[in-house]
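Peer 1: Below: one structure in structure tokens.
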């Protein structure tokens, strides 16, 4: 532990108050199990109980989330096409590659189909293993084909149960991190309880199962736990090597499974740089071996006020709620479980300690007169605590600015708050500041308060959780089911479809047809293609739209009323508005327009085509219609 030391001039017979306090704490904790006087036996017993609780709480969380998913969709009873439709937007795209690998006659043909794919983007051959993070789907498909389990479990269940199983690993890793920081498994139990009771804000796995973050975050949590342990001073060489191996494997798997891993790695590098700059890292542990994301930087530039933009891609992100600021009601929900109050309490104390230690390190460096003018008590901060402190602060800024990233912060919030309430160092510092320090009080506070919070959480949220588990609903989307069945029955297998990114992911999964565009947006040429396809919702002439769509080999285009007549977003953020602005046209409806925007020379395509006027019927023929979707076949004549 980094601490402020006494001057050299002190006599060797004198002992610091902190040392005496720590000795008293150890003696007191040794006396707690009155029936066990052997400290080694107590440690083994505590480790066994804590480890068992960790495994049980992880498995229970996994079963709980899987049950909610089943109850919400009646997944076991609905048709296969409905199961696939339930994987919305990009989730369906990712799952389609798992399905594609299973349907391939051989593994080699499956790999060939992914490396030389010409169905995901029409008129292009794409190496999907290079473009997308789908190694997990490939690995699962190989496992399913190799293992003798086909008679016992369906492919879709093997897939979703793997994801819910990873949630067990995720919660266990959070539990272990909190335990490592506080020194008691009670802290880990509290972290797990908070994770579950704040489920709305800590995970969305039960309704977006195949999302890349649901694969990646468990490995990220393992990495944080491993780094937390690695930063402990005086580890044995074997322990260091095994921990480094865990860090390497978890980082590798995290990077392999999420397309945004580079931003998280950058953040971690920043955390370690700050710790090193403030001299908060142990000396054997300071060695570090150290156009596709352009839209992210445009989005960040516009989001943080570095100039307005008319860039379609940047505005597409800015107008989505998931990429907006964290809503204030999030803090209300987190406060309802006492998590936010506990987090602010622990964060305040650790920030004070960190500032004091940083000031000492920057002011005195290795000067041994660092205790001078620091008052009666020493202040210290363990390296692993400092690491998690800076992590949670950076996660907080990220979540506050971009709501989609809140799942990084809220899960770590559970760890950090539970650690602080069970940490002897936190209570020691607080009690000394208010002149109520006593070793017995520390022991009482670090155990009684977490237990009281656990009892409160059980009392308040257990009935609601039981109600959730007993509430039965059913997946219902007849219009989309009708569309997918029509495509399967009435269009050629090699037909090319254009439409919204979200819908086309489902088209590929349910029908296997070729797409013009899709939701994996991390490619500049795909973004340009998507903008061109989306002209079906802009004010463009039919011949212009036809030419654009045919340039991508489109045979059919799907129009959605929910986009054409969208009301979910405010004016200026509707997809049709973003297209109008990007095209230099004035937006529809009452409200202001930028002075340089002009009236369009043509009506909106998605509205006008439904009138079946000759300029449109010459290029497009309606072949399917229901309450939600309109499908038009493109003529091959220019």
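Each residue, glycine too, has its Cβ placed from N, Cα and C.
From TrEMBL, here are the annotated features:
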type	residues	note
TRANSMEM	41-66	transmembrane segment
TRANSMEM	168-195	transmembrane segment
TRANSMEM	215-232	transmembrane segment
TRANSMEM	244-275	transmembrane segment
TRANSMEM	340-364	transmembrane segment
TRANSMEM	385-403	transmembrane segment
TRANSMEM	409-431	transmembrane segment
TRANSMEM	443-462	transmembrane segment
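How buried are the listed features, and what sits near them?
Peer 2: Counting same-chain residues at least six beyond the ends of the transmembrane segment (168-195), those with a Cβ under 8 angstroms from any Cβ of the stretch are 46, 49-51, 53-55, 57-59, 61-62, 202-203, 217-218, 221-222, 224-225, 228-229, 337, 339, 384-385, 388, 411-424, 446-447, 450-451, 453-454, 457-458.
Within its own chain, the transmembrane segment (215-232) is flanked in space by residues 133, 136, 163, 166-167, 169-170, 173-174, 176-177, 180-181, 240, 243-244, 246-247, 250-251, 253-254, 257-258, 261, 264, 281-282, 285, 382-384, 387-388, 391, 407-408, 411-412, which lie at least six positions past its ends and keep a Cβ under 8 Å from the stretch.
Under 8 Å from some Cβ of the transmembrane segment (244-275) lie the Cβ atoms of residues 132-133, 135-136, 212-213, 215-216, 219-220, 222-223, 226-227, 230, 281, 288, 290, 293, 296, 383, 386-387, 390-391, 394-395, 398, 408, 520, 522, all in the same chain and six or more residues away from its ends.
Residues 2, 177, 181, 224, 227-228, 231, 267-268, 270-272, 274-275, 278, 280, 303-304, 321-327, 330, 347, 350-351, 354, 357, 409-410, 412-413, 415-416, 419, 423, 425 of the same chain, all 6+ positions outside the transmembrane segment (385-403), place their C-beta atoms under 8 angstroms from a C-beta of that stretch.
Sequence-distant contacts of the transmembrane segment (409-431) (same chain, at least 6 residues past either end, Cβ-Cβ under 8 Å): 1, 21, 25, 170, 174, 177-178, 181-184, 186-188, 190-192, 194-195, 198, 201-203, 217, 221, 224, 334, 339-340, 342-343, 345-347, 349-350, 352-353, 379-380, 382, 385, 388-389, 391-392, 395-396, 398-399, 437-438, 441-443, 445-447, 449-450, 453.
Cβ atoms under 8 Å from those of the transmembrane segment (443-462) belong to residues 25, 28-29, 32, 182, 184, 186-187, 189-190, 193-194, 197, 337-338, 342, 418, 421-424, 427, 431 of the same chain, restricted to positions at least 6 beyond its ends.
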